[in-house]
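Colleague: Before I ask anything, let me first share the structure, which is written out below as C-alpha cells.
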Amino acid sequence: MRSDRIKKGFERAPHRSLLRATGLNDGDFEKPFIGIANSHIDIIPGHYYLQEYGRIAKDEIRKAGGVPFEFNTIGVDDGIAMGHEGMKYSLPSRELIADSIETVMNAHQLDALVCIPNCDKIVPGMLMGALRVNVPTVFVSGGPMKAGHLHDGTPIDLNTAFEAVGKRAQGQLTDAELYEIECQACPSGGSCSGMFTANSMNVLCEAMGVALPGNGTVLALTPEREALVRRAARRAVEIAADERFKLRNIANRDAIHNAMVVDMAMGGSSNTVLHMLAISREAGAPLSLRDIEEIAGKVSHIAKIAPSLATVHMEDIHRAGGVPAVLREAARRGGIVREGALTVTGETVGERIRDARTADPELIRPLENAYSPVGGLAVLFGNLAIEGAVVKTAGIQPSMRRFTGAAICFDSQDEAIAGIMGGKVKPGHFVVIRYEGPKGGPGMQEMLSPTSLIMGMGLGESVALVTDGRFSGATRGACVGHVSPEAAEGGVIGLVQDGDRITIDVEARALTVDVSDAELARRRAGFRPKRRDPGSSWLRRYAHLVTNAANGAVLRSTDL
C-alpha cells in the first residue's frame, strides 16, 4: 500500500508515534488509509450539512476495514459572491482547492480518496487535485436542493430571485412579491435546484463514472443521499489497493467524452466547458474547444432543466430516470456514448445504463422528439473570438439564435450593471462587458447580475450580451462568454467601440464584429490593454499565471 511509506519499518517509528497520538493502534497499521476530502462550510447552502456526511463516511470506512482521515477544503458560494468584488475569488478558488487536495494526499501518502464536494468550483477543484494524486477515488456530492414554490404552487429557484431584482427595478413586482420569492427560492440545503454549475458538474461526475449512479440527481438531506455516501465510502475501501481504479484509469478520454455527451444532452452550464478543459489536462487527455464543438454537433439536446425550462428541476429529472436514462437515450445514436468505459463501481458505462428507463418522455425526450438535433452548448468562432467563445444554446430564445445589434461597451461588470439599471441599454443593443476575463478581472467573474437584469427588465428578446468573463449556470438568453483572447491580453473584444455591429449566429457557430481587418489594425496601433491592480497578493499572482478561457483558465507553470 502507498501508505506503507509512512507506517512500515523501524525507521517509521516516529511517524507511527504521531499517528498513535490521533488514536491509531497496532491493527490500524495493516489497513488502508483513506482520505476524505470534505468541503463543509457554514455559509454555503449545499455544504453546511456536509460535516455529517463526513462523519457517516468515516464510520463506513472503519466498518469496511479502512482507517479514515478527514480533511477540509475551502469553498466559495458563487450566488453570495455574485455582483461584487467577491466574485473575483470564485474561479481562483478552484486552483486552491486542487492544490490543497494534492498537498494533503501526497504529504501523507494516503491510499484512496473519498471526495465530498457539491457546489460551483469545489467539484472541479477536487477533481483536478484528485487527478494529480491518481489514487482510487470515489466522488459523492452533497446533492441538489428542492425547488421552491410560490403560494400558488409555481416552482421557483435562485434564478427566479435574481431575475426578480430586474422586475422590481422596473416596478413589475411589489416589495411583498419580491420578499416571497426571496423566502421561497431556496427552501432547503443542497446545490441550487436547476441545471446550474454545481448540479451540472455533479451530473458530469456521474457520467464520467467517478461517482455512483444517482450522484447528480438524488436530493440532498434525504435517506437516499445518505445511502449514497455510505456506499461511496465502502467502495473506496474496496478499491484502495486495486490499480484498475486509479482515478486516471476511470477519468480517461472516454469518460471525459461521456461527460460532454451528457452535458450537451442536458444543456449544462457553460462553466462546464471551462472546467472540463482544465480537468482533461489534469487527466492527461486534453480537450480543445474544437473537440467540444465536434461532440456538440453529434448529440441531441433531450432534457431541459431550469433555467432553460423554469418549471423543471433536478428532482424532476431524477424521477424521470436521471443520468442513466439520459445516457441510454443518447446511446441510441450509435457510437456516441463510449459504453466500454469503466466506472468506479466496476461496471462499464454500458452495463450501468443497460436497464435504465425513461419514466417521463417529456422530461427526458426520445431522440425523435429532441429539443434540438445538436447539443445545448455551442462553441463560437469569428473575428471577435479567434480562439473561441461559449454560449448555452439551451437557454436562447429562438428569435435570438441569430441576432445583430449595436455594441454598447462597458469595461467592467459594475459599469454594466449601472448602465443597465440606469436605462442606457435599449432594444437592439449588443452589450459588451470586457476586462472581466481570467487575467483582466482578474478572476473571470460571473455575469449573472447583468444578464438577470436584462431578462427581468423584459429585454431578453431584443438585447444580446458578450463578455470575456463567464456566466452562472443560472444565466439564460443570448449571452456569449469565455471570449478568447480576452481584452487584457489584446483580444479584439478590447477594440470594439460603441455602435459597432456585432452578430451572433448560433447555427453558423459564428461571433463577429462588422469591422474591417484594416480598421481593427488601425485601432490596435493605438491600443493599450487596461491593467487593474487587484489589491491582493493572491489575485495578483493569479493574474500573472492564469491562461485564457480557451485553455480552461489553468495556471501556467513555465514562469515558476
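Each Cβ is built from the backbone N, Cα and C atoms, and glycine gets one as well.
Grabbed the feature section from Swiss-Prot, which reads as follows:
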ACT_SITE  SER472  active site, proton acceptor
BINDING   ASP78, ASP120, LYS121, GLU446  Mg(2+) binding site
BINDING   CYS119, CYS192  [2Fe-2S] cluster binding site
MOD_RES   LYS121  N6-carboxylysine
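Tell me about the setting of these features in this model.
Modeller: Listed in sequence order, ASP78, GLY79, MET82, PHE196, THR197, SER269, ASN271, GLU446, MET447, LEU448, THR451 are the same-chain residues at least 6 apart in sequence whose CB falls under 8 Å from the CB of SER472 (active site, proton acceptor).
Spatially close to LYS121 (Mg(2+) binding site) yet at least six residues away along the chain are VAL76, ASP78, SER90, LEU91, SER93, ARG94, ILE97, HIS275, judged by Cβ distances under 8 angstroms.
Secondary structure from DSSP puts CYS119 ([2Fe-2S] cluster binding site) in coil.
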Colleague: Suppose the Mg(2+) site is ASP78, ASP120, LYS121, GLU446. Which further residues of the same chain have a Cβ inside 8 angstroms of that site's Cβ centroid?
Modeller: VAL76, ASP77, ALA81, MET87, SER90, LEU91, CYS119, THR197, ASN271, SER472
Colleague: May I ask you to report the DSSP-based helix, strand or coil state of CYS192 ([2Fe-2S] cluster binding site)?
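Modeller: DSSP assigns CYS192 ([2Fe-2S] cluster binding site) to coil.
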Colleague: Tell me the Cβ contacts of CYS119 ([2Fe-2S] cluster binding site) under 8 Å, same chain only and six or more apart in sequence, or just say none.
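Modeller: Expected: ILE44, GLY46, HIS47, GLY75, ASP77, ASP78, GLY142, SER191, CYS192, THR197, ALA198.
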Colleague: How many other Cβ atoms are found within 10 Å of the Cβ atom of GLU446 (Mg(2+) binding site), counting all protein chains shown?
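Modeller: A count of 32.
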Colleague: Here are some binding-site residues: ASP78, ASP120. Which one has the most Cβ atoms within 10 Å of its Cβ?
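Modeller: Per the Cβ count, the most surrounded site is ASP120.
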Colleague: Would you count the other C-beta atoms found within 10 angstroms of the C-beta of CYS192 ([2Fe-2S] cluster binding site) for me?
Modeller: 30
